[in-house]
Ligand SMILES: O=P(O)(O)OC[C@H]1O[C@H](OP(=O)(O)OP(=O)(O)O)[C@H](O)[C@@H]1O
Ligand SMILES: Nc1nc2[nH]cnc2c(=O)[nH]1
Ligand SMILES: [Mg+2]
């Protein structure tokens with residue numbers, strides 16, 4: 001399966017904005033864990049989930065952080081997702097007490113695979129699109145389905161021509 005997704009709009013996220021939004025996610029998640037409000041571990045979905053997972057783990061004082069790697073996109077082209085690296089099964093079990101963090105949910109296919117792997121985990125993303133919302137338990141900001149989110153690690157500062165030029 002290979003399909004190119006139609007994206008009319010761009011939503012450009014700076015490091016500062018990502019930091020604020022990931023902190024807001026941590027704030028919302030505070031006290032929601034099963035064991036006296038605390039999770040046993042954070043699992044970041046690589047690669048995009050790593051920066052938000054670090055910020056959430058820092059804010060919620062969770063020291064055990066593992067990763068799951070699900071590959072499905074090559075730039076904006078999506079194919080069937082597959083797990084290419086699993087977290088330590090002794091840490092995650094069936095997902096009870098585990099907080100999974102990703103940068104965004106779009107179609108929800110990545111999270112579907114992750115849920116299959118740890119059905120009892122709580123799943124949180126910073127950003128969400130409508131199609132993927134049913135797959136995520138907690139998120140901060142929703143953008144429309146036809147928006148492509150650009151993260152700071154995919155961008156660079158560059159010169160922009162003024163609206164009114166002298167040439
Ligand atoms: O809801 P979905 O349609 O499955 O898409 C969401 C996933 O797509 C992006 O990851 P990507 O596969 O591009 O890998 P990356 O995190 O390594 O950039 C994003 O970071 C999510 O993990
Ligand atoms: N960077 C980025 N990756 C994605 N993967 C699926 N949707 C998106 C998106 O909107 N932005
Ligand atoms: Mg990702």
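Count begins at 1; order follows the chain as displayed.
Here the Cβ of each residue, glycine as well, is placed from N, Cα and C on the backbone.
Per TrEMBL, the features are as follows:
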type	residues	note
BINDING	47, 48, 102, 103, 104, 105, 106, 107, 108, 109, 110	5-phospho-alpha-D-ribose 1-diphosphate binding site
BINDING	103	Mg(2+) binding site
BINDING	106, 149	guanine binding site
BINDING	106, 107, 108, 109, 110, 148, 149	GMP binding site
BINDING	106, 149	xanthine binding site
DOMAIN	14-159	domain 'Phosphoribosyltransferase'
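Per-residue confidence over the domain 'Phosphoribosyltransferase' (14-159) averages out at a pLDDT of 95. The DSSP breakdown of the domain 'Phosphoribosyltransferase' (14-159) into helical (H, G, I), extended (E, B) and coil residues amounts to 47 helix, 51 strand, 48 coil. Between the CA atoms of residue 107 (GMP binding site) and residue 149 (guanine binding site) there is a gap of 13 Å, rounded to the nearest whole number. For the binding-site residues 47, 109, the largest tally of other C-beta atoms within 10 A is found at 109. Here residue 106 (5-phospho-alpha-D-ribose 1-diphosphate binding site) is positioned 9 angstrom away from residue 148 (GMP binding site), judged by their C-alpha atoms. Among the binding-site residues 103, 108, 109, 110, no residue is identified whose Cβ is positioned under 6 Å from ligand 2. Within the set of binding-site residues 108, 109, 148, 149, 108, 109 have a CB atom less than 6 Å from some atom of ligand 1. In this structure, the CA atom of residue 149 (guanine binding site) is 15 Å away from the CA atom of residue 108 (5-phospho-alpha-D-ribose 1-diphosphate binding site). The binding residues for 5-phospho-alpha-D-ribose 1-diphosphate are recorded as 47, 48, 102, 103, 104, 105, 106, 107, 108, 109, 110; their greatest pairwise CA distance is 17 Å.
In this view, residue 106 (5-phospho-alpha-D-ribose 1-diphosphate binding site) is surrounded by 24 other Cβ atoms within 10 Å of its Cβ, with every protein chain counted. Looking at 102, 103, the binding-site residues in this record, the fewest other C-beta atoms within 10 angstroms of the C-beta turn up around 103.
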